[in-house]
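Structure, as structure tokens:
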Amino acid sequence: MDVSIIGSGYVGTTVAACLADDGHDVVNVDIDEELVAAINDGRSPIHEPGLDELLAEHAGGRLRATTDYEAVRDTDVTFVAVGTPSRDDGSIDTSVVEAATRSLGEQLAAKAGDHLVVVKSTVVPGTTDELVIPTLEAELDEPVGESVHVAVNPEFLQMGSAVENFRTPQKIVFGTTGDRWALDRLHELYAGVVEHADPAVVETGLREGEMIKYANNAFLASKVSLINDIGNVCKEFDVDAYEVADAIGLDDRIGERFLRSGLGWGGSCFPKDVAAIIAAAEHAGYEPPMLNAAVEVNDLQPQRLLDLLAEHVDLATARVAVLGLSFKPGTDDVRGSRAVPVVEGLRERGATVVAYDPVATEKFRAKHPEIDVEFAGSAAAALEGADACAVVTDWDEFAALDSEFDAMASPVVVDGRHVIERREGIRYEGLTW
Ligand SMILES: NC(=O)c1ccc[n+]([C@@H]2O[C@H](COP(=O)([O-])OP(=O)(O)OC[C@H]3O[C@@H](n4cnc5c(N)ncnc54)[C@H](O)[C@@H]3O)[C@@H](O)[C@H]2O)c1
Ligand SMILES: O=c1ccn([C@@H]2O[C@H](COP(=O)(O)OP(=O)(O)O[C@H]3O[C@H](CO)[C@@H](O)[C@H](O)[C@H]3O)[C@@H](O)[C@H]2O)c(=O)[nH]1
């Protein structure tokens, strides 16, 4: 099929490259000229395993990028995959979705024949009904459902494994008004993925499709907060929360994944999406106590790490090595990273901070110029002369550290991610074990 994708960030670029690889002709439309040039050169604008190879193979062939919205007129389907950030009060900011939809509607008004608009961005229930459809209709001469059709198709990929996740999903969600033409196009688009991975295909309504995405993220984030809450209880009794998690995970009603306790969840999705669905629920008249508690526990964990450090060293004068700045291993993304409250908290308590991350240092420096922190070129350099060490991200290379701890002024290690082995010669504290 001929496909256009508006917004070419983590999601838009991944989806474009994978659909091109499945044989579709794809054009990315983005306002960022550098990003468009990178895609046309066959270079990935983001760090994702496998994406460079796909872009190198398909750019200039079945895949291209442009800043010109007119390109959508030559396609049958358009995905809207622009960002949906948080406002200051945590509620969803849909202004980019609205702007992109308006530009799309202007083009579709000048196009003959049927067209499917697919909302891929994560949007709170009712957004497609109350914002996307009216915005399109304001540009079209006819109601949506005649020649222009609308669907939602939320995305569940994880950063660091985006290509693999898109190709082998456990489920695909198609939210429509029951519009058969739209559903047939969606099935046609995903035929390659379905043939390859045989996922469950969920056909549902527009609002249900939107809500499934929030429920998915809210559930996973809450699962991590629940194991952190349980882990904090474990710590009180000298019980290793990882042994407990391994055992309860054997019960398939609980499941073994997302039971790693420690510093909590960050990233570009969990914090913003949990905040957005709480804000939307409150706006509708319901205060969700469980979701609020999940956020509360998540906010508590960095504080607990600082308190543990303070039991061993005087933070007012200490030099503390912080290992890890990205929100999880395998990515240079620092959005919502637990490193931010840890480093800020250390600075507030008077500590000197020397931080190291294998890939995220530049992004952290650029995004947080206000935080006074020294950056080291290696974990060993960060540890040298430090009075204590806080492990923030579970990078594999930290698990291999050993004699590097001997160069610390006092070998206190507070591990927020269960990556360092207890060993002779270090004073080791796990956050929940
Ligand atoms: N990143 C993830 O892992 C992930 C996974 C699933 C769902 N999502 C959701 O997908 C959506 C996109 O997320 P992302 O991480 O790809 O965002 P992103 O910030 O990486 O990319 C958004 C892109 O949209 C472009 N853009 C902004 N305004 C535009 C306009 N008017 N017209 C065309 N392009 C425009 C930006 O230049 C940018 O390249 C969000 O709703 C997010 O919640 C993200
Ligand atoms: O057992 C666990 C699992 C995760 N985390 C933390 O949780 C956060 C999120 O991790 P992950 O879910 O792997 O990252 P994302 O790439 O942000 O993916 C989430 O957010 C995406 C955007 O909505 C969704 O598409 C994905 O399904 C969803 O997993 C990270 O800070 C992890 O360190 C834990 O603390 N313990």
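Keep in mind that glycine also has a Cβ here, set from the backbone N, Cα and C atoms.
Annotations in TrEMBL come from automatic prediction, not curation.
Around the Cβ of Lys272 (NAD(+) binding site), the number of neighbouring Cβ atoms within 10 Å comes to 21. Taken from TrEMBL, the feature NAD(+) binding site covers Asp30, Thr84, Thr122, Lys272, Arg335.
The substrate binding site feature in TrEMBL is assigned to Lys213, Phe258, Leu259, Arg260, Ser261, Gly262, Gly266, Lys328. Of all the Cβ atoms in the protein chains shown, 19 others lie within 10 Å of the Cβ of Lys328 (substrate binding site).
Annotation note: Cys269 (active site, nucleophile) sits in a coil segment as assigned by DSSP. Annotation source TrEMBL lists active site, nucleophile at Cys269.
Here TrEMBL flags 321-422 as domain 'UDP-glucose/GDP-mannose dehydrogenase C-terminal'.
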Integer Cα-Cα distance in angstrom, Thr122 (NAD(+) binding site) to Leu259 (substrate binding site):
25
Give the distance between the Cα atoms of Arg260 (substrate binding site) and Arg335 (NAD(+) binding site), rounded to the nearest whole Å.
20
Indicate the candidate from Gly262, Gly266 with the smallest number of other Cβ atoms within 10 Å of its Cβ, considering only these binding-site residues.
Gly266
Residue, out of the recorded positions Asp30, Arg260, Ser261, Cys269, Arg335, whose Cβ gathers the largest set of other Cβ atoms within 10 Å:
Ser261
